[in-house]
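S.K.: Take this structure, written in structure tokens, and hold onto it; I'll ask about it next.
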Amino acid sequence: MVESQKAMPQPKMGRIRRIHFVGIGGVGMCGIAEVLLNLGYEVSGSDLKASPVTERLESFGAEIFVGHRAENAATADVLVVSSAINPANPEVATALERRIPVVPRAEMLAELMRYRHGVAVAGTHGKTTTTSLLASVFAAGGLDPTFVIGGRLTAAGTNAQLGTSRYLIAEADESDASFLHLQPMVAVVTNIDADHMATYEGDFNKLKKTFVEFLHNLPFYGLAVMCLDDPVVREILPQVKRPTVTYGFSEEADIRAINVRQQGMQTHFTVLRRDREPLEVSVNMPGNHNVLNALATIAIATDEGITDEAIVQGLSGFQGVGRRFQVYGELPVEGGSVMLVDDYGHHPTEVAAVIKAVRGGWPSRRLVIVYQPHRYSRTRDLYDDFVQVLGDANVLLLMEVYPAGEEPIPGADSRQLCHSIRQRGKLDPIYIERGVELAPLVKPLLRAGDILICQGAGDVGGLAPQLMKSPLFAGAKQEKSK
């Protein structure tokens, strides 16, 4: 039974009044800050530079400091930090000296989830899209969920929102094992892949055990929703001592997809569920990986009693998430135009999924990728996979690695990647020097009908809007909101 919308009583955190975020502009921090502002807390935060994110929070009443200084935290009752913050940060040092609690962002998220029906989405890939789909379907079902997402939900114009119902939908971050703070009622595991292995001391078995531990944070009456198509998820399934529902393309899955048809940006498929009528579904996203994300959403929505009509409406009306195969528009070139796409994918599995989606939706079009590796350690650890996957583009331009605070690692840079990809003999990648303007470099390489993807988790995210505004692409047509 879907509950009626009632304003949910909002619990208070004891003596806590003023909450300070160190690195408030970060994608994992700003959403929690926004929800706390809407709950009536005083929120302040610091970051190295102002941004549209910090300006948005400021407009809601947050006090924003540019730069990290000890005095910024002086009046806080608690500091919230991410794993990216150095323990020597002056604000953290001041808080510790004054015995002001310093908590990880996941612990604050867990506090928000404590008195709610929490739905936590975990997995190496697909967390943001699945969480966003859930928010869309729950809203279509007459629920008004609180959500905290690692990307900007296009329809809401934000990555977080305070709802009136008991539901809180959030991403569960395995990168620093902080998802172990969460105690949800429903947990999703989309997949388990080798990433952030420094957290797990390079031990993949430790990573798998941590996911099992996360699932055992569920109460005995909770629900684990697990992707049966992922071999590692399938492997840990017998270890999970909680009620489970599986999904995937596998005939063994409780909820599965058949008859998948992709037409450009739209994917249509039939959903089979045990003891239910088949359900015809469409999503405005390409690729089988997004079918899996939709199946996880359908599994939870079905369990929560959301009607099939609302499920179909929430999925078909979903307008996407920022930087997840986000179509910016059309760039004019001789004889026609090029579709410009921005994408966050920064792991070989994610890059491969995007390439497969493009080949499936636009089989006759060339694929031009501007790729920026993210972190030297990831480039080193997954080097051979990157060489294999990136070599499947028709044209490849490689930006230098975005360090994300890391020091360079010999042999794990983009020049070396170019060399290794070139040696495969399939294509000759172009290395982009730091500071080089992209538009003059990429325009001569483009042909009418191409798909140009700017991909990665670093500052490559600013390239698509730059290209749309470049005089070399005068007359570029912005993608209209759906």
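The backbone N, Cα and C atoms fix where each Cβ goes, glycine too.
Pulled the feature table from Swiss-Prot, pasting it below:
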type	residues	note
BINDING	Gly123, Thr124, His125, Gly126, Lys127, Thr128, Thr129	ATP binding site
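So that I understand the layout, could you describe where these features sit and how close they are to other parts?
M.R.: In this structure, Thr124 (ATP binding site) belongs to neither helix nor strand by DSSP; it is coil. Long-range C-beta contacts of Thr124 (ATP binding site), restricted to its own chain and to partners at least six residues apart, with a cutoff below 8 Å, comprise Glu174, Thr190, Asn191, Ile192, Asp193, Asp195, His347, Thr349.
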S.K.: Whose Cβ lies within 8 Å of the mean position of the Cβ atoms of Gly123, Thr124, His125, Gly126, Lys127, Thr128, Thr129, the ATP site, other than those residues?
M.R.: Val121, Thr130, Thr190, Asn191, Asn293
S.K.: Given a 10 Å Cβ-Cβ cut-off, pick out the one of the binding-site residues His125, Lys127 that has the most other Cβ atoms nearby.
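M.R.: Ranked by Cβ atoms within 10 Å, first place goes to Lys127.
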S.K.: Measure from the Cβ of Thr129 (ATP binding site) and count the other Cβ atoms within 10 Å, all protein chains considered.
M.R.: 29
S.K.: Count the other Cβ atoms sitting within 10 Å of the Cβ of Gly123 (ATP binding site), across every protein chain shown.
M.R.: 24
S.K.: Please list residues from the chain of Thr128 (ATP binding site) whose Cβ is under 8 angstroms from its Cβ, counting only those at least six apart in sequence.
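M.R.: Same-chain residues close to Thr128 (ATP binding site) (Cβ under 8 Å, separated by 6 or more) are Ile149, Gly150, Gly151, Glu171, Val321, Arg324, Tyr344.
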